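According to Swiss-Prot, the feature topological domain 'Cytoplasmic' maps to 1-14, 69-89, 151-163, 230-242, 310-338, 382-395, 445-478, an assignment based on sequence analysis. The transmembrane segment annotation in Swiss-Prot covers 15-35, 48-68, 90-110, 130-150, 164-184, 209-229, 243-263, 289-309, 339-359, 361-381, 396-416, 424-444 and is backed by sequence analysis. What Swiss-Prot records for 36-47, 111-129, 185-208, 264-288, 417-423 is topological domain 'Extracellular', and it gives sequence analysis as the kind of evidence.
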Amino acid sequence: MAMDSKKEIRLKRELGYFWGTNFLIINIIGAGIFVSPKGVLQHSSMNVGVSLCVWAVCAVLTLTSALCSAEIGITFPYSGAHYYFLKRCFGPLVAFLRLWTSLFLGPGLIASQALLLAEYGVQPFYPSCSAPILPRKCLALAMLWIVGILNSRGVKELSWLQTVSSVLKVGILGVISLSGLFLLVRGKKENVQRLQNAFDAEFPEVSQLIEAIFQGYFAFSGGGCFTCIAGELKKPSKTIPRCIFTGLPLVTVVYLLANISYLTVLTPQEMLSSDAVALTWTDRVIPQFTWTVPFAISASLFINLVINVLETSRVLYIASENGQLPLLFCALNVHSSPFIAVLLIISMASILIVLTNLIDLINYLYFVVSIWTALSIIGILKLRYQEPNLHRPYKVFLPFTFIALGITLSLVLIPLVKSPKLHYIYVFLFLLSGLVFYVPLIHFKVKFVWFQKLTCYLQLLFNICIPDVSDDHIHEES
């Protein structure tokens with residue numbers, strides 16, 4: 001555990017610019033760019049020029065949201081800052097409902113990713129049919145507990161894995177991009193004409209264009225990840241903006257060049273009909289390296305699994321520090337990792353893997369994530385008005401805040417209007433069910449004596465310790 005001259009025990013601030021930039025890149029670049037970057041093209045009416053413009057617009061929209069999150073993470077530099085920020089702006093009830101969502105959405109997402117990773121690992125052994133469910137579940141559970149062990153070793157131990165994953169993703173996309181540019185310069189006439197006449201196809205309607213922007217915006221999701229680990233970054237007021245202005249332009253260039261490369265080799269119709277665009281591209285251009293694409297997809301899923309466990313555990317950590325979860329969940333092991341929080345997440349995800357039918361229901365909670373994001377942006381405006389003298393080392397440009405709020409509210413309202421489903425009612429009922437626990441445990445502060453004994457026993461069993469209050473928290477409370 002981290003101990004300074006005053007023997008304080010807390011999460012270490014030991015992550016710098018290079019780690020933060022890698023963290024942002026691997027959060028944004030997922031398996032989607034290898035498998036199905038065709039949603040934007042499809043909703044752009046297969047207009048190549050419009051689809052590339054949409055990718056660029058989505059990058060700008062993502063930048064506005066990322067900078068809003070940066071203000072939160074820099075003003076309140078704690079791990080799990082988005083939870084703390086909601087509590088600061090809207091009170092303990094809203095923060096608890098945010099926590100209540102994370103307790104189920106986090107493990108649900110992790111279980112889904114583990115099963116998908118297992119499917120890519122098992123399927124090659126069953127070339128003529130679908131892989132049986134039992135081997136997939138066993139492999140998913142094995143990978144999940146490996147991820148749990150890695151997370152329990154602390155953030156610093158994940159650096160090498162994160163660097164390898166980042167180099168792998170950007171490297172393979174770089175090969176695709178550079179090969180595409182080479183083919184564009186020295187390629188066939190029809191390939192060159194496809195991009196020269198990029199805007200000749202029919203222009204999409206406004207509704208289609210909006211849908212294309214949503215598709216692209218989802219591909220850039222993850223730009224607000226620094227609020228989860230702000231408490232472990234060195235000099236967050238400098239590190240976070242630098243990482244955003246380095247990582248996001250790099251991802252944008254890679255996305256644009258990869259799409260140009262795909263469109264140089266494949267027609268729009270071929271892209272839409274392909275189940276894995278990068279695999280089709282590689283099979284046509286460099287057939288000897290077709291195996292690299294499934295490998296890159298598996299690596300992307302694995303590192304995203306690691307990062308999602310890390311981010312969810314930090315929400316439980318700060319909720320425990322703020323008294324909305326037992327102190328046990330912020331207890332740190334010798335590697336400065338919230339071990340019990342990680343253990344709970346892995347255990348819940350394991351149960352969901354066994355009971356696969358529950359994962360689809362939990363994934364509907366994604367809808368609620370946009371609500372929390374919108375509330376966070378509203379909170380920025382609220383604090384600007386109520387606490388104008390609050391120390392803010394970084395302030396996002398106000399028009400960016402309104403742009404980010406507009407796109408986030410659209411993500412909430414358009415699904416409700418366009419395709420209302422009964423599941424959304426279930427989501428709201430689930431959200432309200434958090435009150436059953438909030439009222440007795442948080443509002444009336446009901447305590448269980450046996451849990452205090454359990455806390456002492458588990459501290460001895462796992463060699464974990466409750467952290468001290470950091471200087472940041474002392475300053476904030478004063």
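Placed from the backbone N, Cα and C atoms, the Cβ positions cover glycine too.
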Criterion met for the transmembrane segment (130-150) and the transmembrane segment (289-309) (at least three Cβ pairs under 8 Å): yes
Outside the transmembrane segment (396-416), six or more residues from its ends: residues with CB under 8 Å to it: 61, 63-65, 67-68, 70-71, 210, 214, 217, 367, 370-371, 373-374, 377-378, 380-381, 384, 424
The transmembrane segment (289-309) touching the transmembrane segment (243-263) per 3+ Cβ pairs under 8 Å rule: no
Integer mean pLDDT for the topological domain 'Extracellular' (111-129): 82
Secondary structure tally of the topological domain 'Extracellular' (264-288) (DSSP, helix then strand then coil): 19 helix, 0 strand, 6 coil
Intrachain residues whose Cβ lies under 8 Å of the topological domain 'Extracellular' (264-288), provided they are six or more past its termini: 33-38, 41-42, 46, 48, 172, 175-176, 179-181, 183-184, 187, 191, 194-195, 201, 294, 296-297
Chain residues in Cβ proximity to the topological domain 'Cytoplasmic' (151-163) (below 8 Å; excluding those fewer than six residues from its ends, i.e. six or more beyond): 12, 14-15, 19, 22-23, 26, 229, 232, 303, 306-307, 309-310, 313, 333, 335-337, 339, 342-343
Spatial neighbours of the topological domain 'Extracellular' (111-129) far in sequence, C-beta under 8 Å, 6+ residues away: 135-141, 143-144, 147, 294, 297-298, 301-302, 304-305, 308, 349-350, 352-353, 356, 359, 363
Sequence-remote partners of the topological domain 'Cytoplasmic' (310-338) [C-beta within less than 8 Å, at least six residues beyond its ends]: 1-2, 9-12, 78-84, 87, 92, 95-96, 99, 102-103, 106-107, 110, 151-158, 225, 228-229, 231, 344-345, 442, 451, 454-455, 458-459, 462-467, 469, 473
Spatial neighbours of the topological domain 'Cytoplasmic' (382-395) far in sequence, C-beta under 8 Å, 6+ residues away: 70-71, 74-75, 88-89, 237, 240-241
Beyond the flanks of the topological domain 'Cytoplasmic' (69-89) by at least 6 residues, Cβ under 8 Å: 11, 95, 98-99, 102, 223-233, 236-237, 240-241, 244, 314-319, 322, 372, 375-376, 378-380, 382-383, 390-396, 472-473, 476
